[in-house]
Amino acid sequence: MECFKTTLAGVVLVVLLLQQAPVLRANDPDPLQDFCVADLDSEVTLNGYPCKPTPAAGDEFLFSSRLATGGDVNANPNGSNVTQLDVAGWPGVNTLGVSMNRIDFAPGGTNPPHVHPRATEVGIVLRGELLVGIIGSLDTGNRYYSRVVRGGETFVIPRGLMHFQFNVGKTEATMVVSFNSQNPGIVFVPLTLFGSNPPIPTPVLVKALRVDAGVVELLKSKFTGGY
């Protein structure tokens, strides 16, 4: 009987720990000081960047004009340009668990289907009309959610869900998005499947996508060298 009680107590403890694990790993670690300006040149990194001495960093780490202007929307076949403002471009957000992007779109331009593995995304359309699409997980039957979002309107993308934006208007469009991670990461679905290095074996994609090898090779040729 005593052995049973000990085993039961152990099982309860494990269950409680498992319940806490998702909470403990839900976002970036909390900061332990007011500022931790990232030392991007340090050779020592451990799930982030070490801190520069605050006096040596000046006060520019609190401010950035990086998103004031966008990039060339015709610089790639997607017809969009992403201006990133993560810890690499704004060392002041180190340990703060936030980052931002600005995305500009040509008419008909798209931010291709992609995933942010480490962050929830919330965005606001500044100008234009963007079709925002979100695809749920298998738990939802891969349900597709979408809406045309216009200037001043907002949207949210749960962490890890595939999504895209597409400019359905006749003029350029711009949106700004924020993440609850200093480095949200991005996995572009088409590039991941057909432009990986080294390539995913063609027979794997033939079986997974239910197409012939010629189609797979054609798609791979479109993503050689990235976007």
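Using the three backbone atoms N, Cα and C, a Cβ is placed for every residue, glycine included.
Pulled from Swiss-Prot:
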- His114, His116, Glu121, His163: Mn(2+) binding site (BINDING)
- Cys36-Cys51: disulfide bond (DISULFID)
- 65-217: domain 'Cupin type-1' (DOMAIN)
- Asn78: N-linked glycosylation site (CARBOHYD)
- Asn81: N-linked glycosylation site (CARBOHYD)
- 1-26: signal peptide (SIGNAL)
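For the pair Cys51 (disulfide bond) and His116 (Mn(2+) binding site), the Cα-Cα distance reads 25 Å. Cα-Cα distance from His114 (Mn(2+) binding site) to Asn78 (N-linked glycosylation site): 13 Å (rounded to the nearest whole number). Ranking the recorded positions Asn78, Asn81, Glu121 by the distance of their Cα atoms from the Cα of Cys36 (disulfide bond) places Glu121 first. Of all the disulfide-bonded residues listed (Cys36, Cys51), Cys36 sits in the most crowded Cβ setting, with the most other Cβ atoms within 10 Å. Ranking the recorded positions Asn78, Asn81, His116, Glu121, His163 by how many Cβ atoms sit within 10 Å of each one's Cβ puts His116 at the top.
Here Asn78 (N-linked glycosylation site) is compared against the binding-site residues His116, Glu121, His163, and the shortest C-alpha distance is to His163. When other Cβ atoms within 10 Å of the Cβ of His114 (Mn(2+) binding site) are tallied across all protein chains shown, the result is 18. You'll find the Cα of Glu121 (Mn(2+) binding site) roughly 18 Å from the Cα of Asn81 (N-linked glycosylation site).
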